[in-house]
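**Q** Sending over a structure as structure tokens; questions will come in a sec.
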Amino acid sequence: MSVPLLKIGVVLSTMAMITNWMSQTLPSLVGLNPPKLTGARGGTLDRSPGVLPTNPEESWQVYSSAQDSEGRCICTVVAPQQTMCSRDARTKQLRQLLEKVQNMSQSIEVLDRRTQRDLQYVEKMENQMKGLESKFKQVEESHKQHLARQFKAIKTKMDELRPLIPVLEEYKADAKLVLQFKEEVQNLTSVLNELQEEIGAYDYDELQSRVSNLEERLRACMQKLACGKLTGISDPVTIKTSGSRFGSWMTDPLAPEGDNRVWYMDGYHNNRFVREYKSMIDFMNTDNFTSHRLPHPWSGTGQVVYNGSIYFNKFQSHIIIRFDLKTELILKTRSLDYAGYNNMYHYAWGGHSDIDLMVDENGLWAVYATNQNAGNIVISKLDPNTLQILQTWNTSYPKRSAGEAFIICGTLYVTNGYSGGTKVHYAYQTNASTYEYIDIPFQNKYSHISMLDYNPKDRALYAWNNGHQTLYNVTLFHVIRSDEL
């Protein structure tokens with residue numbers, strides 16, 4: 001853009017020089033400049049155009065004169081009047097030259113104005129082109145940032161999938177399939193590394209499709225695996241903020257495909273209304289819900305929905321009730337003998353949490369405490385239809401010292417508190433009747449957990465944390481089923 005502007009400047013400078021030369025030099029070349037008059041003694045005569053003619057009839061006029069020191073006229077220079085010089089050929093030529101100079105000067109002025117206008121137009125176009133160039137750079141940078149974010153999302157997904165490979169290697173029956181998965185992961189990883197070096201060199205949609213397909217196949221393979229041991233808990237995801245400080249919410253792990261209803265129970269005692277939402281989205285937006293009125297108020301926050309029925313502890317009793325949500329009829333009631341109730345053996349946070357009902361991959365459970373076991377936690381496996389106790393395990397962990405508890409694959413996990421810093425630090429394996437102390441970090445985001453239950457369908461922990469409904473993903477180390485070895 002600077003070269004055309006330089007050329008225009010050179011043209012304007014050259015025109016100015018020509019105009020100056022013509023105005024100063026041409027008159028002297030044709031004798032237009034007035035001569036300097038000298039007197040007889042060499043003195044310079046003063047030009048006195050105001051002197052009147054001495055003899056007007058002879059068409060002459062006094063042009064200039066000089067005087068000596070005594071005031072006497074020494075000489076007088078006269079010149080013919082201009083009317084007589086107008087017939088002179090030299091004067092005509094001079095006048096023609098002057099007219100040409102004037103015409104040229106006017107042309108130069110016109111050219112100068114046009115040049116200035118063109119210069120302004122060029123400068124305007126230069127600014128517009130600079131603005132377009134800046135916008136193109138912004139678009140280019142935005143495109144690069146968008147591709148970088150897409151790459152980061154895919155790489156995060158790959159980081160989540162990568163820990164599954166060692167687990168699949170343990171699955172001996174599908175060893176060849178695992179090798180194939182490893183090769184696909186390595187190929188995708190290689191592509192991602194190349195993509196990181198040169199963003200945009202690979203078709204993002206195709207890459208996303210391959211990652212999604214691999215994820216589906218991995219999860220389908222994971223369904224063949226048996227239960228596992230808890231090794232990690234993710235940070236919480238807040239689904240909603242509603243209700244009082246205490247309560248419970250859940251989904252049915254045995255609900256048929258497409259049934260995504262959410263169940264919501266606010267408070268921990270002297271309440272009997274249960275909300276049913278059509279979906280998780282409706283639950284988040286508080287839309288499309290109906291209310292069920294239970295025949296009795298509940299105690300605590302240990303309720304569960306399982307195979308279309310809600311199981312709860314009747315207020316101020318050790319009675320467990322199975323209530324069908326479709327027919328709204330009580331299907332079964334049973335006393336949990338010797339179980340403490342009415343805040344006798346609650347969790348550390350209180351709230352009539354004496355009896356905690358749970359479900360996992362193996363079915364329905366009750367966690368409570370008895371005088372016979374000195375107030376320590378008792379675990380009972382229940383028949384979900386009859387509520388009959390199938391088997392019981394006595395632990396040595398004081399129930400009032402537990403913050404909350406949940407069961408995964410027949411193992412009871414207990415947190416060390418319900419507020420502030422929290423971790424899972426005790427595990428009791430019912431399949432071996434053994435226990436161990438563990439240290440699994442658990443983020444207590446809102447500082448007061450009053451409900452914590454595992455859903456085997458989602459493989460997630462549902463929590464009620466100080467009026468916030470949250471979800472935690474869990475990481476399990478899977479053990480191979482003995483009948484598939």
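Each Cβ is built from the backbone N, Cα and C atoms, and glycine gets one as well.
Note that TrEMBL annotation is computational and uncurated.
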**Q** Would you please say which range out of 38-93, 94-149 has the annotation coiled coil in TrEMBL?
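**A** Checked against TrEMBL: coiled coil maps to 94-149.
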**Q** Taking 178-224, 366-412, 413-459 as the choices, which stretch does TrEMBL tie to coiled coil?
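**A** It is 178-224 that TrEMBL annotates as coiled coil.
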**Q** Would you find the one among the disulfide-bonded residues C227, C409 whose Cβ has the most company, meaning other Cβ atoms within 10 Å?
**A** C409
